[in-house]
Amino acid sequence: MPKIVVVGAVAGGATCASQIRRLDKESDIIIFEKDRDMSFANCALPYVIGEVVEDRKYALAYTPEKFYDRKQITVKTYHEVIAINDERQTVSVLNRKTNEQFEESYDKLILSPGASANSLGFESDITFTLRNLEDTDAIDQFIKANQVDKVLVVGAGYVSLEVLENLYERGLHPTLIHRSDKINKLMDADMNQPILDELDKREIPYRLNEEIDAINGNEITFKSGKVEHYDMIIEGVGTHPNSKFIESSNIKLDRKGFIPVNDKFETNVPNIYVIGDIATSHYRHVDLPASVPLAWGAHRAASIVAEQIAGNDTIEFKGFLGNNIVKFFDYTFASVGVKPNELKQFDYKMVEVTQGAHANYYPGNSPLHLRVYYDTSNRQILRAAAVGKEGADKRIDVLSMAMMNQLTVDELTEFEVAYAPPYSHPKDLINMIGYKAK
């Protein structure tokens, strides 16, 4: 009976183990998770903090006991894999509660350890990062125990923006700082202006090109020379892959600690697969490497690896499109395709349109800005971005499907929209992009 060991029990690892069990009722499957919880919804965490998700239990899909009862898969939390011996096909495991170490053998090894939040490195009792449900609980408990009012949010990526919005909606008073003027980097820089407008509208203070210089209790000294007092600091300054323990093996790592995989999510070492934030692959629509640490990729990889292990060796990953979206107060920001800083590798043209998300005479209309970049040599779409109060998600998902099927920008004129006045136009924004490109 084959023995499958999975490292990490969140989106990628738990999903992969579950899919294997669906296809294979006999294999012995064991998951090691270094933290307290398994199968929690990472993307729900800011909304748990904001009390939009009314009960944290809704963010926790399974406990180890429930997972075993349903699927006959053993999950050991507080068990950290600290080394891999791929020649003997074993992993070294640390029980974080007892400090005992032991070795576990495997026939197949699936690595899904995820990423950890970067820290600014200040010694302070008021600083927090947000990576898992334990962090969420700590933030929530600190807010309640200390009657927190003023919160400094450091960083302006999509998670920080979600956290800031949820703190505000909870009734707290957040301030945002970011070390450069480049916020929400997955979006075109000039399309991020509504973020600043939404902050101004709510009189939420923010400073770009600003950093913390020192923390002394609740007194924060900034690089600008300003000194301010805050009850709490939440750092959202990026992540790094949890790959240190992999250095003990023969698995190839890139210079940033990510693991290159093939289209079966195999590493360079036999019988070892990698899924989730730690894996790096390639784009689907262009010949460039891609690392897309988002939920869809982890779930897709989990299914492909499960199929491979269950015996379907014909299934392969065709690449990322990098589809992403974030809500910030009244606006939605979405994009798909290569990142803005990767466009310089192509000879491209850009076409854009701004018009109402639905028929102008129907109430509640608001502008939607849609932009498409296409390759001048074959006129295929390289990237698209959309910003608006409604309809951005629909347009980006349609363009994602167009890119998946290698449609040209001209073929967007043939897109048949589901039209009624509350939803769109007879000639939709996507059609208009195609016409303008001609």
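Using the three backbone atoms N, Cα and C, a Cβ is placed for every residue, glycine included.
As recorded in Swiss-Prot, the features of this protein are as follows:
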BINDING   8-33, 267-277, Tyr419  FAD binding site
BINDING   Thr15, Gln19, Arg22, Ser39, Asn42, Lys71, His299, Lys427  substrate binding site
ACT_SITE  Cys43  active site, redox-active
ACT_SITE  Cys43  active site, nucleophile
BINDING   151-166  NADP(+) binding site
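Around the Cβ of Lys427 (substrate binding site), a 10 Å sphere holds 15 further Cβ atoms from the protein chains shown. Shown are the recorded positions Cys43, Val153, Val163; of these, the residue with the fewest other Cβ atoms within 10 Å is Cys43. Considering other CB atoms within 10 Å as the measure, the emptiest surroundings among the binding-site residues Gly8, Gly155 are those of Gly155.
Within the same chain, residues at least six positions away from Asn42 (substrate binding site) with a Cβ under 8 Å of its Cβ are Val10, Ala11, Arg131, Asn132, Ala295. Checked against His299 (substrate binding site), the recorded positions Gly8, Gly13, Cys43, Val151, Glu165 differ in C-alpha distance, with Gly13 being the nearest.
Nearest in space to Gly8 (FAD binding site), taking C-alpha to C-alpha distance over the binding-site residues Thr15, Gly157, Lys427, is Thr15. The secondary structure of Gly157 (NADP(+) binding site), as reduced to three states from DSSP, is coil rather than helix or strand.
Cα of Gly276 (FAD binding site) to Cα of Cys43 (active site, redox-active): a span of 14 Å.
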